[in-house]
Amino acid sequence: MDESSSNLPTSHLLGSVPAVVSEGKAATNQEDGDAQQSTNNWKGVFSISSYTQYFNIDTDILLSRLISSLYPISGDFFSKIDANPDLYGLVWISTTLVFVIASLGNCATYLMHRRSDHGTSWTFDVSYINVAACSIYGYSLIVPLAYYFLLRYLGSNASLIRFWCLWGYSLFIFILSSFLLVIPVEFLRWTIILLSGGLSASFVALNLRSYIQESEITVVVISAFVLQMGLAIFIKMWFFA
Amino acid sequence: MSHSDTIPLHSTSQSDIDEIENLINSNPSSVLPARPPSPPRASIPISSAPIPPPAFIPSNLPAPTNPKTAPVPSVSSAAPKPPLPPRPSGPGGNISASGFGSPPNTLTEPVWDTVKRDLSRIVSNLKLVVFPNPFREDPGKALRDWDLWGPFFFIVFLGLTLSWSASVKKSEVFAVAFALLAAGAVILTLNVLLLGGHIIFFQSLSLLGYCLFPLDIGALICMLKDNVLVKVVVVAVTLAWSSWAAYPFMSSAVNPRRKALALYPVLLMYVSVGFLIIAID
């Protein structure tokens with residue numbers, strides 16, 4: 001990995017931002033050496049190299065994590081991500097979900113409009129993008145944060161990055177089901193959203209339960225399940241009504 | 001005294017020389033007040049005397065007043081000269097070259113020269129990035145002379161076109177398009193940097209802005225022609241063109257095992273912009 005990245009034609013360019021380039025190289029060199037330890041290369045809030053440790057992921061690993069998010073029963077997600085939790089999944093899955101539900105929601109209203117043949121013409125509703133961005137980003141950032149603080153308060157050893165990773169990957173199934181939600185049959189839409197919501201919520205709940213070993217957190221697990229189902233129903237009712 | 005100098009002096013050295021000469025001539029009480037402060041244009045007066053100064057009546061006083069009056073017409077005739085380069089002949093050219101003691105200053109050139117230089121740079125960068133050319137595979141050469149004017153124009157043009165095409169909520173459409181493109185370019189660059197890639201921040205912003213040019217053309221065509229099928233075809237073609245333009249730069253900046261991770265967000269941004277273009281009517 002180092003050989004190929006140092007042979008890139010851009011690595012010798014003049015005028016590059018020297019701090020970023022050299023620190024990026026230093027961080028990746030350090031990562032290779034300390035791959036098994038939990039490294040903490042925190043160089044400050046405003047230095048990019050302190051965040052590269054959370055994006056240390058390859059395409060094939062990412063794809064395997066995405067596939068495993070579709071199978072909630074195994075419950076071993078945390079063991080898969082334990083050595084290398086990544087935030088790439090959280091950022092780009094939630095961004096993709098925002099775009100997909102905003103655009104497909106507009107498609108769905110267009111198709112319903114065509115079917116019922118209203119007098120007024122259909123217009124693209126730009127506010128879908130705003131609502132989608134606020135709700136999805138808010139949910140995926142704040143809910144894991146809340147659970148982190150709650151579980152820390154209850155005394156168990158929670159890790160914020162792993163929670164963000166879990167909730168990020170749990171949103172992947174909504175992207176797939178959004179494509180199916182365009183079909184303008186109401187009964188089918190409710191079936192699809194309840195199914196995908198159930199899968200996603202059980203993914204979150206089962207993995208959370210296997211991560212935390214104590215018994216008094218059953219309420220926590222149930223509430224995580226309910227919240228994820230609530231998100232699914234909100235998506236259906238706001239965007240695909 | 002120092003008026004017959006042909007070597008261009010620095011603007012501050014002329015007054016220093018005058019002061020030293022005054023001290024050498026040892027008549028400080030009378031000379032210093034008579035000397036007007038600093039102008040380096042004191043080197044020109046004799047040669048520009050034939051040109052009538054705009055608001056000064058030439059006196060017919062004898063020679064002793066010449067050293068005193070001569071700098072004044074040079075000041076008044078030199079002052080309008082720099083903004084009016086077509087007007088003077090030799091002396092005027094000497095003023096801008098020698099009076100300030102440096103090559104033609106970009107602060108004093110006409111506005112049209114500056115705009116023309118920036119426009120030609122935008123066009124040459126566009127040709128390098130968006131159209132096929134032999135330097136494309138080497139991203140270092142491809143955009144060595146990056147600038148941010150081109151991307152700014154393209155983003156604003158796309159926002160305006162989408163806003164014109166929209167029938168309701170025009171300002172919200174412009175805001176969404178502008179925020180999406182501007183923040184998107186920054187986030188895509190940060191994404192590559194976070195994945196451990198090697199790019200220059202502003203060069204990447206510049207490149208992503210220039211790759212919007214095909215989508216600009218597509219948006220313009222879609223604004224003029226309102227058929228849904230035509231729109232889909234045009235947007236698909238321009239989307240493919242934009243992605244093809246951005247591909248070599250982004251893929252060579254990261255580790256080959258992470259190429260898809262760096263390219264997917266670029267594709268996502270262009271697809272979302274393309275969708276906005278199709279859907280706005």
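Cβ coordinates are placed from backbone N, Cα and C, and glycine is handled just like the others.
Look at TrEMBL and you will find B:1-15 tagged as compositional bias 'Polar residues'.
Marked as compositional bias 'Low complexity' by TrEMBL: B:57-79.
For B:80-89, the entry in TrEMBL reads compositional bias 'Pro residues'.
As annotated by TrEMBL, domain 'Yip1' applies to B:142-275.
What TrEMBL lists as region 'Disordered' is B:1-103.
According to TrEMBL, the feature transmembrane segment maps to B:148-166 (among others). Long-range Cβ contacts of the transmembrane segment (B:148-166) within its own chain (Cβ-Cβ under 8 Å, at least 6 residues beyond either end) map to 118, 121-122, 125-126, 173-174, 177-178, 181-182, 185, 202, 205-206, 208-210, 212-213, 215-216, 219-220, 222-223, 273, 276-277, 280-281.
Residues or ranges marked as transmembrane segment by TrEMBL: B:173-194 (among others).
Residues or ranges marked as transmembrane segment in TrEMBL: B:200-221 (among others).
Residues or ranges marked as transmembrane segment by TrEMBL: B:228-249 (among others).
Summarising the annotation, TrEMBL assigns transmembrane segment to B:261-280 (among others). For the transmembrane segment (B:261-280), the residues of the chain that approach it from at least six positions outside its boundaries are 158, 162, 165-166, 173, 176-177, 180-181, 184, 187-188, 191-192, 195, 197, 208, 212, 215, 218-219, 222, 228, 231-232, 235-236, 238-239, 242-243, 246-247, 250-251, 253-254, judged by C-beta separation under 8 angstroms.
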* To do: Please spell out the DSSP helix, strand and coil residue counts for the domain 'Yip1' (B:142-275).
  => 111 helix, 0 strand, 23 coil
* By Cβ distance under 8 Å, which residues at least 6 away from the ends of the transmembrane segment (B:200-221) in the same chain are close to it? -> 125-126, 129-130, 142-143, 146-148, 150-152, 154-155, 157-158, 161-162, 165, 181, 184-186, 188-189, 192-193, 230, 234-235, 237-239, 241-242, 245-246, 249, 253, 266, 270, 273-274, 277
* To do: Average the pLDDT scores across the domain 'Yip1' (B:142-275) and report the rounded value.
  => 89
